[in-house]
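TrEMBL annotations:
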DOMAIN    13-40  domain 'C2H2-type'
DOMAIN    41-68  domain 'C2H2-type'
DOMAIN    69-96  domain 'C2H2-type'
Amino acid sequence: MSASTILPSNKLHECSVCGTMFQFLKHLRMHYHQNPPDRPHVCGQCGRAFGTPSDLETHQRDHARERPHLCSHCGKTFIQKGNMNEHEEMHRLYKL
């Protein structure tokens, strides 16, 4: 392990994707691991990164407890329409 990953220095290490500054190189490396450059859309609430704006938007609904998709059979709510469609298919299969 190099000294720059252990000892504090006056030099800050900057993320080339989002510009976040880190005192320790190991923290920058952890940041890259959690937020790879191919996932540039970062949640401001928890720091999780996503590849598309729509994936980030779906994730943020979870933080807000938004569940806008309602099953017409039982009233259960879902964050994603696709999950609701799968759930409703179970109702249709059960009736057969």
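Using N, Cα and C of the backbone, Cβ positions are placed for all residues, glycine too.
TrEMBL entries are annotated by machine, without manual review.
With DSSP classes pooled into helix, strand and coil, the tally for the domain 'C2H2-type' (13-40) is 10 helix, 4 strand, 14 coil.
As a summary of secondary structure, the domain 'C2H2-type' (69-96) carries 15 helix, 4 strand, 9 coil according to DSSP.
Within the model, the domain 'C2H2-type' (41-68) shows a mean pLDDT value of 90, rounded to a whole number. Residues of the domain 'C2H2-type' (41-68) grouped by DSSP class, helix first, strand second and coil last, total 12 helix, 4 strand, 12 coil.
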